[in-house]
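Features as listed in Swiss-Prot:
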| type | residues | note |
| --- | --- | --- |
| ACT_SITE | Lys166 | active site, proton acceptor |
| ACT_SITE | His285 | active site, proton acceptor |
| BINDING | Asn114, Thr164, Lys168, Arg286, His318, Ser370 | substrate binding site |
| BINDING | Lys192, Asp194, Glu195 | Mg(2+) binding site |
| MOD_RES | Lys5 | N6,N6,N6-trimethyllysine |
| MOD_RES | Lys192 | N6-carboxylysine |
| SITE | Lys325 | site 'Transition state stabilizer' |
Amino acid sequence: GVGFKAGVKDYRLTYYTPEYKTKDTDILAAFRMTPQPGVPAEEAGAAVAAESSTGTWTTVWTDGLTSLDRYKGRCYDIEPVAGEENQYIAYVAYPLDLFEEGSVTNMFTSIVGNVFGFKALRALXXEDLRIPPAYSKTFMGPPHGIQVERDKLNKYGRPLLGCTIKPKLGLSAKNYGRAVYECLRGGLDFTKDDENVNSQPFMRWRDRFLFVAEALFKSQAETGEVKGHYLNATAGTCEEMMKRAIFARELGAPIVMHDYLTGGFTANTSLAFYCRDNGLLLHIHRAMHAVIDRQKDHGMHFRVLAKGLRMSGGDHIHAGTVVGKLEGEREVTLGFVDLLRDDFIQKDRSRGIYFTQDWVSMPGVFPVASGGIHVWHMPALTEIFGDDSVLQFGGGTLGHPWGNAPGAVANRVALEACVQARNEGRDLAREGNEIIREASK
């Protein structure tokens with residue numbers, strides 16, 4: 001019989017399988033590959049499949065103790081990218097058994113853990129993942145989701161309004177609470193801790209939580225509306241994070257916040273479970289995302305990070321603005337906004353959606369538009385994001401020449417005017433400025 005043959009052999013002999021028919025239970029990945037000069041695309045694609053599943057650089061004796069055909073990742077298709085020299089989209093199918101149930105952490109460790117430093121590749125970007133229902137059903141997903149949140153807040157038929165409290169660092173807890181009160185009293189639904197506000201010497205978390213709670217209840221009593229402030233529970237350890245979330249719940253706060261990329265998926269999923277069990281909404285900030293998703297040819301596209309978050313759990317997530325101070329292309333942004341909100345998203349390459357994604361009945365996430373937007377953007381934002389979104393104006397509220405509360409009033413008036421104009425069938429794109437001008441009289 002054929003004995004064990006030591007040595008190094010081409011990956012493509014084992015891991016490039018163009019005849020493979022993908023299974024409904026496979027996790028599928030689309031990678032944008034830039035091979036090193038002289039490396040054939042098939043070999044590069046196979047190397048990606050191998051290194052992110054069962055392969056290693058040499059044939060090993062222990063391969064004989066398992067069934068590689070059952071467990072290996074397979075590169076089943078490669079297509080050149082139009083308009084790019086030496087760039088390909090490689091499609092890889094992973095058997096479900098390679099992944100631990102309910103662990104976004106393990107999913108990313110497997111798929112993007114090692115292979116991005118691979119010598120045969122000049123660059124690699126994970127463009128999209130297809131998460132099969134067989135896997136997504138092992139996740140609880142968002143603690144509450146869009147519909148439940150609307151019912152808890154009793155707010156329907158319009159986007160929600162938020163505001164990040166600025167200056168983000170340096171305010172005392174008392175002054176911070178005052179700014180929160182003014183914004184909520186003026187008509188916002190939410191105010192927000194900045195992502196870098198954790199527990200610093202000038203404002204410890206406990207003091208902030210107490211003064212913010214006071215602001216919440218005061219503004220709630222005066223306006224007759226449910227109000228919230230995203231209390232940032234992000235901390236240096238999971239235990240400390242949980243302590244902060246528990247304290248927020250004890251104060252009667254409706255929502256807490258987490259920086260899910262710097263905090264990590266494991267911490268995030270623990271927090272999401274706690275929020276679900278205890279009726280807290282969970283606002284997610286994506287600090288550090290651009291480190292991973294900014295380069296077109298290397299890293300992970302934000303739509304992949306967004307899918308990971310929907311599985312791990314969050315009720316809101318920052319998703320770019322299309323119009324503000326930070327990058328974002330409209331169609332592509334709307335693509336991952338739909339991946340966050342909808343049940344079923346059809347494959348559409350023009351929107352960056354490489355696979356049809358069926359979330360079955362996993363709750364949706366509110367996309368949050370935040371960063372450099374102000375009241376004149378309101379018509380565009382209402383049109384682009386629709387009702388199921390949170391629009392956040394930090395400087396666009398607190399920068400109002402008359403102060404915080406008038407800034408909040410301006411945003412609420414503009415939003416209500418845009419929603420009404422849209423419902424009356426007016427064209428927001430064309431008449432936007434005029435609608436805002438009328439409303440401000």
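Cβ coordinates come from backbone N, Cα and C, glycine included.
Shown on the structure are the features that Swiss-Prot records.
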{"residue": "Lys5", "record": "N6,N6,N6-trimethyllysine", "DSSP (3 states)": "coil"}
{"residue": "Asn114", "record": "substrate binding site", "DSSP (3 states)": "coil"}
{"residue": "Lys166", "record": "active site, proton acceptor", "DSSP (3 states)": "coil"}
{"residue": "Lys192", "record": "Mg(2+) binding site", "DSSP (3 states)": "strand"}
{"residue": "His285", "record": "active site, proton acceptor", "DSSP (3 states)": "strand"}
{"residue": "Ser370", "record": "substrate binding site", "DSSP (3 states)": "strand"}
Pick the one among the recorded positions Lys5, Lys166, Lys192, His285 whose Cβ has the fewest other Cβ atoms within 10 Å in this structure.
-> Lys5
Winner by Cβ contact number (other Cβ atoms within 10 Å) across the binding-site residues Asp194, Glu195 = Glu195
Asn114 (substrate binding site) CB neighbourhood, other CB atoms within 10 A | 11
Once DSSP output is merged into helix, strand and coil, His318 (substrate binding site) belongs to strand
Extra residues within 8 Å (Cβ to Cβ centroid of Lys192, Asp194, Glu195), Mg(2+) | Thr164, Ile165, Lys168, Asp193, Asn196, Val197, Tyr230, Asn232, Met257, His285
Among the recorded positions Lys5, Lys166, Lys192, Asp194, Glu195, His285, whose Cα is within 10 A of the Cα of His318 (substrate binding site)?
-> His285
Could you check which of the recorded positions (Thr164, Lys166, Lys168, Arg286, Ser370) sits closest to Lys192 (Mg(2+) binding site), going Cα to Cα?
-> Thr164
For His285 (active site, proton acceptor), which of these recorded positions sit within 10 Å, Cα to Cα: Lys5, Asn114, Lys166, Asp194, Glu195?
-> Asp194, Glu195
Starting from the Cβ of Thr164 (substrate binding site), draw a 10 Å sphere and report how many other Cβ atoms land inside it.
-> 24
Keeping only the recorded positions of Lys5, Lys166, Asp194, Glu195 whose C-alpha lies within 10 A of that of Arg286 (substrate binding site) yields Glu195
